[in-house]
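See below for the structure under consideration.
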Amino acid sequence: MTPTLLSAFWTYTLITAMTPGPNNILALSSATSHGFRQSTRVLAGMSLGFLIVMLLCAGISFSLAVIDPAAVHLLSWAGAAYIVWLAWKIATSPTKEDGLQTKPISFWASFALQFVNVKIILYGVTALSTFVLPQTQALSWVVGVSVLLAMIGTFGNVCWALAGHLFQRLFRQYGRQLNIVLALLLVYCAVRIFY
């Protein structure tokens with residue numbers, strides 16, 4: 001990879017990993033509501049699911065030049081529906097001030113989110129088809145970069161969770177408002193899938 005292409009790769013992957021999306025918003029919400037330690041299951045589920053999705057993206061990108069538009073469209077609708085459901089769960093979740101103790105979303109729910117998370121699927125397919133496959137078609141490189149993409153995504157999730165933990169007091173004081181803003185951001189993510 002040339003220095004210019006490498007620079008573009010890092011810019012794309014870091015910006016994509018650090019911008020709001022279903023994973024980052026869920027990580028922030030979970031750490032704000034339950035603390036960083038109790039959110040580790042959520043982060044672990046996201047990380048494992050992210051890695052598997054990146055490896056699947058590698059397989060798809062490696063074997064197909066163009067993804068069937070009908071499959072992408074169906075996946076987009078499924079992803080949008082799940083994201084809107086997640087937004088509803090966050091918007092209606094009780095805050096500490098409500099006096100109810102709730103558990104963070106489960107490992108398996110955060111794991112399952114990855115398979116309908118259009119943002120990370122497009123992230124993986126775009127990074128691989130734009131930056132890797134034009135340079136090399138060595139399977140080891142494609143798989144290696146897929147693992148790197150998952151690590152970069154996990155880094156973004158952890159950063160958002162740490163922000164939720166560090167600003168927990170402030171977020172708890174304005175918990176209801178934060179939940180509504182996060183839910184609206186998720187709805188925005190769902191709408192952006194189509195526009």
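Positions of Cβ are set from backbone N, Cα and C atoms, glycine also.
Sequence annotations record features per position, and here Swiss-Prot assigns topological domain 'Periplasmic' to 1-7, 126-141. The feature transmembrane segment is assigned by Swiss-Prot to 8-28, 47-67, 70-90, 105-125, 142-162, 177-194. Positions annotated as topological domain 'Cytoplasmic' by Swiss-Prot: 29-46, 91-104, 163-176.
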Three-state composition of the topological domain 'Periplasmic' (126-141), taking helix and strand from DSSP:
10 helix, 0 strand, 6 coil
Of the listed stretches (8-28, 47-67, 105-125), which one yields the highest count of Cβ-Cβ distances below 8 Å with the transmembrane segment (142-162)?
47-67
In terms of Cβ proximity under 8 Å, which residues at least six beyond the ends of the topological domain 'Periplasmic' (1-7) contact it?
131, 135
Outside the topological domain 'Periplasmic' (126-141), six or more residues from its ends: residues with CB under 8 Å to it:
1, 5, 8-9, 12-13, 57-58, 61-62, 149
Between 0 and 100, where does the mean pLDDT of the topological domain 'Cytoplasmic' (91-104) sit?
65
